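*Asks:* First the structure, which I've put down as structure tokens, then a few questions once you've had a look.
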DNA sequence: GAAAATATTTACCAAATGGTAAAAAGTAAA
DNA sequence: TTTACTTTTTACCATTTGGTAAATATTTTC
């Protein structure tokens, strides 16, 4: 729980009363590997904060291929935030890549916090902006670099994740086949 | 000027007094093709709103290749906003792709508006979030699709831009060489 | 621990893309 | 209009990546 509060306090000041309120609304849930946190075609019902494990955002392109859009690791928010806030159907799945433990907030509790804590919207707005910028920065090399360079930049951006994620997910994140990625791994060794 | 105010009003309500204040701070500038709005290694001094023309964000990767990161067309904000707000050096160039006409705000005037209009930060925060989400959405196919599909999705996302932008810029945006793009154009015909 | 299921590696060949260079087309300047 | 300059297309071949399939390795289940 401390990790969560610390994370938030990076983006704005809150007093103990306020952080206590936030913590009082949080519930802890666990997800098994491959379970969904939220699904394409459904309205996201929760905001999560990942305490343990790895999740990914993914979707199916028009060729039916499963594309991993991005990964999230420990101590980061897990939410299709735009769709959650507007309570409209999502176009991506959020899936546990490993067994996970999360803090979650229902829409009602999340709104309650926003209505009680002055400045909460500004803080969450900053957090979202930050996450979006990070996503863009991480995905940029995936367009302009060759496959080997992409893989190396993935390792750089997600140190320690390589050994926790199936090859196929990493390959689809990098925009290559798993055979290609396997070949690249071999060449790097 | 009306287009600019209309754009802003999509994201929040402002009264006439407030929009008058904003307009009073705006200056109009022109950029010739290939001129920079802001440069990598320098602190961005202005926020812009593009009235006419096309601009691009670009940078040089570690192989010295010039990479177009994204395009902006009429009636959109032109700003390395994160770097502008923090007044730190940018890592990308913003360059006119065609002759352009823009409304611009200095840092001081932008701050004055923020200090005067309650809710201005919320509005600009929403606008930025929106732009970032659009950028992510537009760039997603550039990772997972083949070159022809990327080109088609570019045309879809930026209708009318194809004929106003040099082939080389489009190619670097798509992550392919201009020879490949030329070949793809030929195959599509 | 053995069997089954899943994930990864390897191989082979086809297809797509890159690199170099030159030709053609289009634009701007004299 | 002619010349110079820039952009786009084309060609050729090397390299990278994809698709299919099978072999090996790893993990899970019983």
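Cβ coordinates come from backbone N, Cα and C, glycine included.
Just so it is clear, the model here is predicted, and its values are computed rather than measured.
Per TrEMBL, domain 'Cyclic nucleotide-binding' is recorded for B:30-113.
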*Asks:* What is the pLDDT of the domain 'Cyclic nucleotide-binding' (B:30-113) when averaged and given as a whole number?
*Replies:* 95
*Asks:* For the domain 'Cyclic nucleotide-binding' (B:30-113), give the DSSP counts of helix residues, strand residues and coil residues.
*Replies:* 13 helix, 41 strand, 30 coil
